[in-house]
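Participant: Could you have a look at this structure, given as structure tokens, before my questions?
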């Protein structure tokens, strides 16, 4: 469709203009990785939300709502709870980051406990963020190929290459400035199109909320809590407390108040967006009581818009789906570059000049992006294995990261033992034992991490610097 192409070109042009305009501001490491620590709260809020919102929270949740009703929103309560806890620490993260010129979690660990535990943290974080970037590329390209194949016969490979090249280009040029402000554009687009316009159009199409309630059995409108929600809360809590994208956004805020305010606002957007997507899925059940054969329920949003609404809304939705993907990939590409060129490199070569680090950072975004692209094109099974690194990361890093941020009693031996023990125990519990008794590996790993951190810190009698 020509209209889709026009809207896409306008969107891509806007991201290009943003990256070119902001390129000159990324003159040093703090500019490239943290936007000079001067992001205003609306940008912090929207980049928090846009980073969380992805293909799963949009297409996956709407498909689940089509199947089970409004209970599909329940996992979001776990996210909101976890993010609410993170909001309590966001201001302190910004404050000590600005005071001690800290760029990342490994940088914080270095300043408190030395290079060895920071090197371990960097390796685990690097593995996680590179794997996540690759898996997002795979997911995004499959979505684009499924959505656009009928009109343009675009292959999975073509969609993958086009999306990846655009993200690599603006991330390389402008660093975190480009990521944050394109996230702002993408966040606004998602809220307006998928958060407001599409649910309103769907409700209007079926005759309003009253008609929706009359058209479906009551159980579609009942919240059915499940034991799994507790596991979700633990997993999300640990990941949000130590998630590198969220710490990065707190470090980049212009003040501790802005960091807290932005995190709270991002959390509210996540809650609102999840309800909107759930409404779309339930409305689709009224419009399509029997789903077309061969089409996954996860594809109901593009199907619904293409079949039932004006072409302009279809074009905006397709563009929004692309924005969803790009807002996640760019964040993880930049984090992978930061982990490689500042955290890992500084741990083994502390004398490197900042100017050299900045040059290597730009080059590494390209190299990491192309490597992730190669994996996505040729080695999808590896990416499926790498996605497990997210839970392994939470097991290994969450408790030690919070201890490094808050605890005066945490010691180098405890932090090191906590990270290694959490990582190894979660891998063994999941990969070798298969999660016995249905207990997620992240719970076992985090408990092991906490226990070893306490034991190691009691044993270690050396004095440790506390950043206040």
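A Cβ is built for glycine as well, from the same backbone N, Cα and C atoms used for every other residue.
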Participant: Among 48-67, 228-247, where does TrEMBL put the label transmembrane segment?
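Facilitator: Spelled out, TrEMBL records transmembrane segment over residues 228-247, not the other listed ranges.
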Participant: Pairs 6 or more apart in sequence, C-beta under 8 angstroms, 3 or more of them: is that satisfied by the transmembrane segment (154-180) and the transmembrane segment (413-432)?
Facilitator: no
Participant: Tell me, please, if the transmembrane segment (113-134) and the transmembrane segment (6-22) are in contact, taking contact as 3+ Cβ pairs under 8 Å between residues separated by 6 or more positions?
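Facilitator: They do not touch: fewer than three Cβ pairs between the two stretches lie under 8 Å.
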Participant: Per the 3+ Cβ pairs under 8 Å rule, pairs at least 6 apart in sequence, do the transmembrane segment (268-291) and the transmembrane segment (6-22) touch?
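Facilitator: Checked: the transmembrane segment (268-291) vs the transmembrane segment (6-22), no contact.
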Participant: Using Cβ atoms and a strict cutoff of less than 8 Å, what residues sit near the transmembrane segment (72-93) while being 6 or more residues removed from its termini?
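Facilitator: Result: 52, 57, 61-62, 64-65, 223-226, 229, 232-233, 235-241, 246-247, 250-251, 253, 256-257, 259-260, 262-264, 266-267, 270-271, 274-275, 278, 281, 402, 405-406.
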